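What follows is a set of notes on a single structure, which appears directly below.
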Amino acid sequence: MAALLLGLLLFAMQSPPIPSRPVVDGGPPFPPTLSPTDNGTTSHPNGTFQQLPQIIIIGVRKGGTRALIEMLSLHSAVAAAQNEVHFFDWESHFQKGLPWYLSQMPYAFPNQLTVEKTPAYFTSSKVPRRIHQMNPDIKLLLILRDPTERVLSDYTQVFYNRLQKHKRYQPIESVLVKDGEINLGYKALNRSLYYIHMQNWLQYLPMESIHIVDGDELIRDPFPEMIKVERFLKLEPQINASNFYFNKTKGFYCLRDHGRERCLHDSKGRAHPHVAPAILQKLYQFFHEPNKKFFELVGRTFNWK
Ligand code: A3P
């Protein structure tokens, strides 16, 4: 908390950023900030107030970010923003400054930590510097899935979005492969090159500030993953096994909160398209080296194919 206030004070004074870690480029200064008399909070008569987030779920897109924030919200000491805020990655939002960001936050009780999730942050190169500048002590959650599976999930999302808008869509194999080789121009592939994006984050924030949630494990058995999240955030253990039940129809775990049961929206957990085994194999091979680099970078391995 003290560090957060200090960070805000630094902004209010319009001082140049003093990064705690080596920074590649200084970049432009932060846009209009909170006033010097403002400590970064706005209050409500019922004792709740808006505060800048102490926790941000930075991605990855299709990693299971919605499931993670919903599961984290089971904890009474967490207040979660409902919508994706896109403050640090969308210029039109960022230019509105921290007061606007603050206004997007949920009302929280004094004992609560605020969390927002914007999955696009992880792959946006300007975001790590900006988040560090706001609060060098921020805690980040990054949920990752097998990179190949993530690409298929990414394609599926775009496919349904286009379908809804009656737009044309290309079959998966023609976006994945060009002239017999993996199509490096396909954006979804780049988003799954985790080590490239991670390198950028680690220039601004230490590994100790970033907890990686195993998205494949969160699907398979969410409770153990959530215990690790609670520990990382130094939250009193509160989420328990009875908060989760497997819904056979959906094929995923759903949540039970004070007797109320709910599953994620139908847009989460959709079937992925069938991909010819030879192309799938090529994809696995394509990610083999980048995955190794990622494991070395973060000092941890994942059970990816
Ligand atoms: P698919 O729809 O491809 O299966 P995000 O919220 O970041 O967009 O991630 C969506 C993914 O969350 C889904 O991808 C799904 O696999 C995963 N997920 C994890 N836990 C889930 C749960 N309990 N219910 C539904 N989807 C879940």
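Here, residue 1 is simply the first one shown, and the rest follow in order.
The backbone N, Cα and C atoms fix where each Cβ goes, glycine too.
Feature annotations, courtesy of TrEMBL:
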ACT_SITE  Lys62  active site, for sulfotransferase activity
BINDING   Lys62, Gly63, Gly64, Thr65, Arg66, Arg145, Ser153, Tyr253, Lys268, Gly269, Arg270, Ala271, His272  3'-phosphoadenylyl sulfate binding site
COMPBIAS  35-46  compositional bias 'Polar residues'
DISULFID  Cys254-Cys263  disulfide bond
DOMAIN    53-291  domain 'Sulfotransferase'
REGION    24-46  region 'Disordered'
SIGNAL    1-20  signal peptide
Collapsed DSSP category at Cys254 (disulfide bond): strand
Alpha-carbon spacing, Cys263 (disulfide bond) to Arg66 (3'-phosphoadenylyl sulfate binding site), which is rounded to whole Å: 11
Per-region confidence, the domain 'Sulfotransferase' (53-291) (mean pLDDT, whole number): 97
Ser153 (3'-phosphoadenylyl sulfate binding site): tally of other CB atoms within 10 A of its CB: 22
Length of the line joining the Cα atoms of His272 (3'-phosphoadenylyl sulfate binding site) and Cys254 (disulfide bond), in Å: 20
For the residue listed as 'active site, for sulfotransferase activity', the one of Ser153, Cys254, Lys268, Arg270 that lies nearest, given that the recorded positions are compared by Cα: Ser153
Lys62 (active site, for sulfotransferase activity): secondary structure state under DSSP, collapsed to three categories: coil
